[in-house]
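Participant: Sending over a structure as structure tokens; questions will come in a sec.
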Amino acid sequence: MTDTLEKSKFPLSSIEFAENLDNQDKLSKFRQEFVIPLRRYVSGENAVTEKESDLDDECTYLCGNSLGLMPKRSRELINEELTTWGQKGVEGHWNHTYNRPWATIDELVKEPLANLVGAKPVEVTAMNTLTSNLHSMLVTFFRPTETRFKILIEKKAFPSDHYCVSSHLESRGIDPKIGLLTIAPRKGEHTLRTKDIIELINSDKEIAVVMLSGVQYYTGQLFEIEKITKAGHDAGCIVGWDLAHAVGNVRLHLHDWQVDFACWCSYKYLNSGAGGIAGLFIHEKYKNDQSRPRLAGWWGNDKENRFEMEPQFRPSEGASGYQLSNPSIFTTISLLGSLQVFEAAGIDNLRQKSIMLTGYLEKLLETELKQEFESDMIRILTPSDPQQRGCQLSLEFPENMMQVFSQLQARGVIVDERKPTVIRVSPTPLYNSFKDVYNFVMQLKQVMNIVYK
Ligand SMILES: *Cc1c(COP(=O)(O)O)cnc(C)c1O
């Protein structure tokens, strides 16, 4: 817990404590950059209110881990694209009303994405969607041999990653029962120990690719990416990361950490809108490597002669050489709107606030729901060490989780549920306030009394 939380002159459980932190928060102004849904639209039929006008209040949105909120600039930027389309038609590729020609639109997001993941611009690109990028990377980096043919993921990896790896193995003629290796926490534990991951990497000599998630979607655990990457390399493996829950959430240094490849979606903490364009990192050391096969498309061709329409593929340097199709203008520009806010706020500042925001959430929960914790009605699955988590806390309710969830929603608190027992709560430093966290905990306290009376 950081000093600022401890030094406050207000009692932890008071609203003044939260308001005071919001007043001192230099990033609080960025909340205005986002559209916060009103309770009227999200509380459902069974909204619990004191008075009708409560429905005109903003909801308490703690669900950026699932879908980030809409940046106001993205709406403007998308409108500008529609204007350009209307005014110029195909000409918009070269001659754009707002000087963002579609032929090179993806270049606008390269640098801000590189800044977010600790990479050089040549190492990143925006393309496709997350699961399809994972497949693309496996085409390139999974080179099974007689003696090395396994891919390591978490036993509780996001289902799409399971399906991706299983189907990918099958496409290479490898039975997933043999090729898919998973790792689970120790019995009675919720999160993985780095030591256990490294031991498995060292002892199983048949792993070709280690492909874990940077932040585990279910538990919120942040893995020790640098250490695990190094251990994978020492054991002769390729190491790639699924950063869906890590990007825009924690500090990443993919270049320095020597990560081989990484993929992420952009609609969670990056606020690009549902189904937004995904991101890809490939380490600089592969930037001119043409020895590996790849899935190719015309957008991966060197842009100098892309429009010469030659049948011979000449890849762009670095990650851009893996692009397939011309990118969606709307999802790319919507992502740009959000990245501009990230650039203005600074990821280091955001992470600093995030550690406080989640630390406050944890502390307030443990204080206000002390009895419920003691009687195991509620548990936190996420590590308590801020260095081992991002902004999310995964709360386990062994009984009646869905009732807790619906009662929260009826009170204008938007979190998300993972059946059978987990509610994930993610205060994001870009648009959440300390008061949001306060509201959540106070509402949860009431809801617990109703559900478990
Ligand atoms: C959100 C998420 C996905 C979703 O994949 P899409 O291809 O973007 O639909 C996949 N993997 C992980 C780990 C995720 O968190």
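In case you wondered, yes, glycine gets a Cβ from its N, Cα and C as well.
The structure displayed is predicted, hence computed values, not measured ones.
Okay, so TrEMBL annotates it like this:
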BINDING   L130, T131, F158, P159, S160, D161, S213, D242, H245, Y267, W298, N326  pyridoxal 5'-phosphate binding site
MOD_RES   K268  N6-(pyridoxal phosphate)lysine
Participant: Could you state, as a whole number of Å, the largest distance between Cα atoms of any two of L130, T131, F158, P159, S160, D161, S213, D242, H245, Y267, W298, N326, the listed pyridoxal 5'-phosphate binders?
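Facilitator: Spelled out: the longest distance between any two Cα atoms in L130, T131, F158, P159, S160, D161, S213, D242, H245, Y267, W298, N326 is 31 Å.
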Participant: Which binding-site residues out of S213, H245, W298 lie by ligand 1, going by a Cβ under 6 Å?
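Facilitator: Those binding-site residues that pass the cut-off, since their Cβ is under 6 Å from ligand 1, are S213, H245.
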Participant: Measure from the CA atom of the residue listed as 'N6-(pyridoxal phosphate)lysine' to the CA atom of S213 (pyridoxal 5'-phosphate binding site) and give the result in Å, rounded to a whole number.
Facilitator: 14
Participant: How many other Cβ atoms sit within 10 Å of the Cβ of F158 (pyridoxal 5'-phosphate binding site)?
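Facilitator: Total other Cβ atoms inside 10 Å, all chains included: 19.
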Participant: Please report the distance from the Cα of S160 (pyridoxal 5'-phosphate binding site) to the Cα of the residue listed as 'N6-(pyridoxal phosphate)lysine', rounded to the nearest angstrom.
Facilitator: 15
Participant: Provide the number of Cβ atoms within 10 Å of the Cβ of S213 (pyridoxal 5'-phosphate binding site), excluding the reference atom itself.
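Facilitator: For S213 (pyridoxal 5'-phosphate binding site), the count of other Cβ atoms within 10 Å is 24.
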Participant: List, in sequence order, the same-chain residues at least six positions removed whose CB sits under 8 Å from that of H245 (pyridoxal 5'-phosphate binding site)?
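Facilitator: Residues satisfying the criterion: N65, S213, G214, V215, Q216, Y217, G220, K268, Y269, G390, Q392.
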Participant: Within 10 Å of its Cβ, which one of these recorded positions (L130, S160, K268, W298) has the largest number of other Cβ atoms?
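Facilitator: Output for this query is K268.
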